[in-house]
Amino acid sequence: MADTLRAWYRDDSEDNLEELHQADPPQMLTAEEVLRVTGVKYRKVENCNDEAEQKRLSEGFVLADFLDISREAMGDKYEDFVKFSHVEHIHEDSEVRLVLKGGGYFEVRDYDDRWIRLHLREGDLIHLPAGIFHRLALDSKKHIKFYRLYSEVAEWRAFYRPEAESHPARDKFLSTRPNTTIVASP
């Protein structure tokens, strides 16, 4: 299937998070460009709500679960969870997120510390490397359901700025930056 990732560099506004927040002028990115500048892998999963497909995807991971972020699913905890989800953080573990329903903006920082906004919808799967700063904002539907896969640790723990800057997972992430040095011709 063709690259269907919707991704762009984000503006600096923190108002109305459900809006697009594209840089001016817009700087759109392909899945290949996102991979190159962040290490985040993307693919489309056609049968994302099929249990057999989810089981196949979970092979080799230590933990798989579901997270449904909506008023109906979370009740009184919804508002706090939405605010908490938008605080930038890293994890020691790489993580995989498959959108099963709804949509949202998964934001990741590139190697130059600029925000990239990924508009994820049903069937979109991303694989984030350990140590990448990221956060989540819901889109106008105010609902997203993820299938979450964890590859190395069975405990999800977030590390926040500024303490996360010196975390070994962050150092390792930054060491994976591709060599982008341009060598001048003689």
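Note that the numbers count up from 1, one per residue, in the order the chain is shown.
Placed from the backbone N, Cα and C atoms, the Cβ positions cover glycine too.
According to TrEMBL:
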BINDING   His89, His91, Glu95, His134  Fe(2+) binding site
BINDING   His89, His91, Glu95, His134  Ni(2+) binding site
Revision key, fill the gap. Given the Ni(2+) site His89, His91, Glu95, His134, its other Cβ neighbours within 8 Å of the Cβ centroid, in chain order, are Ile90, Leu128, Ile132, Phe133, Ala158
Exercise for review: Please compare the binding-site residues His89, His91, His134 by how many other CB atoms fall within 10 Å of each one's CB, and tell me which has the fewest.
Suggested key: His89
**Study point:** Under 8 Å by Cβ from Glu95 (Fe(2+) binding site), same chain, sequence gap 6 or more
**Key:** His127, Leu128, Arg148, Leu149, Tyr150, Ser151
